[in-house]
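Below is one structure, written out as structure tokens; the observations come after it.
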Amino acid sequence: MCLIQALCPIVKTPFCLMAAAGKAAAFHLPPLPTVGEIIKLFRLRAQKELSQNFLLDLRLTDKIVRQAGKLKNAYVCEVGPGPGGITRSILNAGVQQLLLVEKDTRFIPGLQMLSEAAPGKVRIVHGDILTYKMEKAFPNHLKKSWEDEPPNIHIIGNLPFSVSTPLIIKWLENVSKRDGPFTYGRTQMTLTFQKEVAERLTANTGGKQRSRLSIMSQHLCTVESCFVIPGQAFVPKPDVDVAVVHFTPLVQPKIQQPFELVEKVVQSVFQFRRKYCCRGVEILFPERERLKKTEQLMMAADVDPTLRPVQLTMSHFRNLCNTYRKMCDEDPNLFAYNYREELRQKKRKRSPESTDRLEETVEENPL
């Protein structure tokens, strides 16, 4: 007996047989308990420490899935499906195969119910998406050249706030190196973020939300903000609204330098976002040659040192990264230099009674 038959004896038609019988026709999930009923059935509670919020309105989950594009016969990886609201919308879109990566074991039984309702379509992995090896997740025949159209593979997820930023940074690095989920080509992503994070991802030059995250994402991908979901649509209700963002990797990155180098330059510039951009550039260099090297870099990159970080265009950052790369090639030890480590070394040499401040206040979360 199917798990869903056992849990829902009031429905006389076997769900598993219905799903199998309809396999040749356009696929649609058979009648199932609602997401709310699944939550009650398995006594699921959103854990605040994991920043979990459930989306129960299937009209909204359908809308999220539509932002991914045409999914009929596509291969999809859903990140953190939880009680399975978006999962149902993905399956109803007619996908060929759905991979579910879920870290929380409490959600597995409910996801197994959906798997039984869609025979042969669902694969459940109990694991952490931050460490899961996506490069072996799908068949090799789906791989496309980077210059071709994106492969028929999509990543979709309602991400917990606590994991969304480190995860997109990890995937952006994968885009840069063309590994992980991007082994298959320019895999597209449709993900939810806290509204403020989404605004940073899509911020234009001069915008108040322009940040490290803006440059790192936009130099590698086309980033589109799709729509905003009000916080009250979630259970429990978060203190903020949520935005859906769609990513398509670019054929050519706007800054053609290694990910680590671009990240170091961009992070340094935005370290002091309210000061002139030259202040952040300074911390790329050891103190003994800081002023000289900073002036050299700014002049060679043709960047006005009195511009604020948010005023720098992508071209400015490209020039800064290209020039810094040349300086690193000339001085192999330069890239390894760490501003904070130099501060720590200075602190050890000072007397314990000293109360002088060694670091300026970091005025923004680096992301």
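Cβ from N, Cα, C; glycine included.
Predicted automatically and left uncurated, TrEMBL annotations should be read as such.
Now, the feature entries from TrEMBL:
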- ASN53, LEU55, GLY80, GLU102, ASP128, ASN158: S-adenosyl-L-methionine binding site (BINDING)
- 351-360: compositional bias 'Basic and acidic residues' (COMPBIAS)
- 60-251: domain 'Ribosomal RNA adenine methylase transferase N-terminal' (DOMAIN)
- 346-367: region 'Disordered' (REGION)
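All chains included, 20 other C-beta atoms sit within 10 angstroms of the C-beta of ASN53 (S-adenosyl-L-methionine binding site).
For the domain 'Ribosomal RNA adenine methylase transferase N-terminal' (60-251), the predicted model reports an average pLDDT of 96. The most crowded of the binding-site residues listed here (GLU102, ASP128) is GLU102, judged by how many other CB atoms sit within 10 Å of its own CB. Taking Cβ-Cβ distances under 8 Å and a sequence separation of 6 or more, the neighbours of ASN158 (S-adenosyl-L-methionine binding site) in its chain are ASN53, LEU55, ILE64, GLY80, GLY82, GLY85, ILE86, THR192, VAL242. For GLY80 (S-adenosyl-L-methionine binding site), the count of additional Cβ atoms within 10 Å of its Cβ stands at 22 [all protein chains shown].
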